[in-house]
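Asker: Before we start, here is the structure in question, set down as structure tokens.
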């Protein structure tokens, strides 16, 4: 029970991170309105795109800052530290009268956003029971040779008695006996290379499923759906496993985006779509449910499970930075590209990426459900690869 409580309290910071991501959708509309903007003149399209894009741009740097802090001061203190830039960012936004202060505020918030998405998977992956996959992470204490504190933490979040705790603590000590890993160490072992490639590709498919776009249409309905759908994944992930849920989610995203692309195509060619005017909102709601129950959260959950202890922080930081780099590119340039090729083509490209992701996930992504971190490493290093 305590492992659930620890995971929940550690994830409270993600609510703050979520507000920073959803902030642009309602606020940019006002900033572009001459009667509502606090600026001397409404935002231009270019200025608006930078306000949106500087959040993921700042998040590119956050993983390396907070990944380092996670090893230096611990996972829990690092997550608490992430809240400070968010606070400073919102204070700047509250009193800003010129666009460049908004740029600074969004970049600052982005650094914390990248930190949250780096440290949370590590923390939850290290405290979760093998069957489930706020005290400090026991792995951090073992890394620092503070074994009594590691044992005390394990006793709080594990069931099964002292012997179970002793066995898990011994496994952690063996892993930490390895030399602290560097960036290049990710490419020295077969399992680490597989894990890195798997994490990078899952994140790429996640970003090119269309998730980085601003949900301006029917934002309240979509926001409520997104909030509700986010609870579905943890409820069903342990029943179905990561891999089946990924596949179901990807199929759901494809089924949602193809009709949306067709609708946009008809509208772009001035066809009468009044009889199916309900289709966009149905497709968007379906997309958000599909995304938030699989391809959205699962790559982040697996990020804390795939890598061995000696390279977990640097690997998570690198993958997370890559994710936010893709998010920055999509956020900054999507509108320009869609204006050139059409919104319908953009939706169909995102759907096509998900079509490619289905066989990739089926044949290459491993199932980590109910497996210990040790078992996952054995699979990645070539033993029982199809497990």
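Backbone N, Cα and C atoms are what each Cβ position is placed from, and that goes for glycine too.
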Asker: If I go by TrEMBL, the feature transmembrane segment sits on one of 1-19, 20-38, 77-95. Which?
Answerer: 77-95
Asker: What range among 152-174, 244-266 does TrEMBL record as transmembrane segment?
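Answerer: Going through 152-174, 244-266 one by one, TrEMBL flags 244-266 as transmembrane segment.
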Asker: Which range wins on Cβ pairs under 8 Å with the transmembrane segment (48-70): 77-95, 101-124, 278-302, 314-334?
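Answerer: Answer is 101-124, with the largest number of Cβ pairs below 8 Å.
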Asker: Please check if the transmembrane segment (278-302) comes into contact with the transmembrane segment (77-95), where contact means 3 or more CB pairs closer than 8 Å and the residues in each pair are separated by 6 or more positions.
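Answerer: Contact between the transmembrane segment (77-95) and the transmembrane segment (278-302): absent, because fewer than 3 Cβ pairs are under 8 Å.
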Asker: Are the transmembrane segment (77-95) and the transmembrane segment (195-213) close enough that 3 or more Cβ pairs fall under 8 Å, when only pairs 6 or more apart in sequence count?
Answerer: no
